[in-house]
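Colleague: Below you'll find the structure I mean.
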Amino acid sequence: MNTTHSTEYRRGLYCVIGCYLIWGFFPLYWLPLVGQPISAGQLMAHRIVWASLLAIGAVACSPSARTQLVQAVKSRQTLTAFAICSTLLATNWLLYLAAITQRQVLQASLGYFIAPLASIFCGRLFLREALRPLQIGAILLAIVGVVWLSAWGGQMPWIALGIGVSWSIYGLLRKLAPLPALPGFTLETLMLLPFVLLYLGWHYWHGSLVFTQLPPLPLAIVIGSGAATMIPLLLFAAAAQRIRLTTIGILQYLSPSLQFLLGLTAFHEPFSRMQFAGYLWVWAGVALFVWGARKKQQAT
């Protein structure tokens, strides 16, 4: 490995670790909003508004991103794919924010533990991608974990399933409709913008818009949600250009691991032994998945 390649690899590694650390500690960013009168729906709408404004500004400063965005808008197939992507992204954000505001961070973390395994299943289901034995074993272990949590853990983990499935299908469609991170994210948020503006306008008309009623810190968090969304996305895009996707795939479990710890400590969520047993099944599936990915990386 030459010096230039080594430097680029280190930069990519720093970027992906920074990205996953931000996503892992993201519940702390939203913590001051817990107990505030703003709903997850209004919070998601504001996140889309502020993120789209920031994305437009970033695209305006990048000639290549502008060109890619214009070309994407001219393609009916791309627009259709990104319309579905934007819907899935909004669903994922809404479920995640609902989990945070309802102190269900453990379920959010479970969703992101499941998501990569659900992505493998979607690849098999929709793209007919071959599954290796270790991948099949990982999926089966995760299914056992979800069934265990449903039967003996107290409740069906609907939020976790919604987060995991929406994120995995979103990833599948983004793979089929390739567009770099910045123009792709800009297109997604712009497609959602008219709907969330109508939603916020409806709340304003009925006197239920709480944005201006928030204290200074929660208000700043809502306004800053666009930057908090964009920064890890750009770090991830920079990392993907410099290091193997297998490495990114292995490191991705840093985020839900941190979220899990925050759910127990910062959010003080109850966690029974039966829930722990269910999570152990999922973690066993994750470990099998990571081991398989590591073996594949070493083989190449």
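Every residue, even glycine, has its Cβ placed from backbone N, Cα and C.
Feature list, courtesy of TrEMBL:
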type: DOMAIN; residues: 11-150; note: domain 'EamA'
type: TRANSMEM; residues: 12-32; note: transmembrane segment
type: TRANSMEM; residues: 44-65; note: transmembrane segment
type: TRANSMEM; residues: 77-99; note: transmembrane segment
type: TRANSMEM; residues: 105-127; note: transmembrane segment
type: TRANSMEM; residues: 134-151; note: transmembrane segment
type: TRANSMEM; residues: 157-173; note: transmembrane segment
type: TRANSMEM; residues: 185-205; note: transmembrane segment
type: TRANSMEM; residues: 217-238; note: transmembrane segment
type: TRANSMEM; residues: 250-268; note: transmembrane segment
type: TRANSMEM; residues: 274-293; note: transmembrane segment
Colleague: Examine the transmembrane segment (185-205) against the transmembrane segment (77-99) and state whether at least 3 Cβ pairs sit under 8 A, considering only residue pairs 6 or more apart.
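Modeller: In this chain the transmembrane segment (185-205) contacts the transmembrane segment (77-99) - 3 or more Cβ pairs sit under 8 Å.
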Colleague: Please give the sequence-distant neighbours of the transmembrane segment (157-173): residues at least 6 beyond its ends with Cβ less than 8 Å from one of its Cβ atoms.
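Modeller: Contacts of the transmembrane segment (157-173) (Cβ under 8 Å, skipping residues fewer than 6 from its ends): 81, 84-85, 88-89, 91-92, 95-96, 98-99, 104, 107-108, 110-119, 121-123, 126-127, 146, 149-150.
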Colleague: Check for me, if you would, whether the transmembrane segment (105-127) reaches the transmembrane segment (274-293) - at least 3 Cβ pairs under 8 Å, residues 6 or more apart in sequence.
Modeller: yes
Colleague: Taking the transmembrane segment (274-293) as reference, which of 44-65, 217-238, 250-268 has the most Cβ pairs under 8 angstroms?
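Modeller: Ranking 44-65, 217-238, 250-268 by Cβ pairs under 8 Å to the transmembrane segment (274-293) puts 250-268 first.
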Colleague: Tell me whether the transmembrane segment (44-65) sits in contact with the transmembrane segment (217-238), defined here as at least 3 Cβ pairs under 8 Å among residues 6 or more apart in sequence.
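Modeller: In this chain the transmembrane segment (44-65) contacts the transmembrane segment (217-238) - 3 or more Cβ pairs sit under 8 Å.
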Colleague: Which residues of the same chain, at least 6 past either end of the transmembrane segment (217-238), have a Cβ under 8 Å from a Cβ in it?
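Modeller: That would be 11-12, 15-16, 18-20, 22-23, 26, 29-30, 32-33, 36, 38, 43, 46-47, 49-55, 58, 180-182, 185, 211, 248.
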Colleague: At a C-beta cut-off of under 8 Å, are there same-chain residues at least 6 beyond the transmembrane segment (134-151) that contact it? List them, or none.
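Modeller: For the transmembrane segment (134-151), the nonlocal Cβ contacts are 110, 113-114, 117, 120-121, 157, 160-161, 274-275, 277-286, 288-289, 291-292, 295.
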Colleague: Do you know the mean pLDDT across the domain 'EamA' (11-150)?
Modeller: 91
Colleague: With DSSP as the yardstick, break the domain 'EamA' (11-150) down into helix, strand and coil residue counts.
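Modeller: Going by DSSP assignments, the domain 'EamA' (11-150) contains 121 helix, 0 strand, 19 coil.
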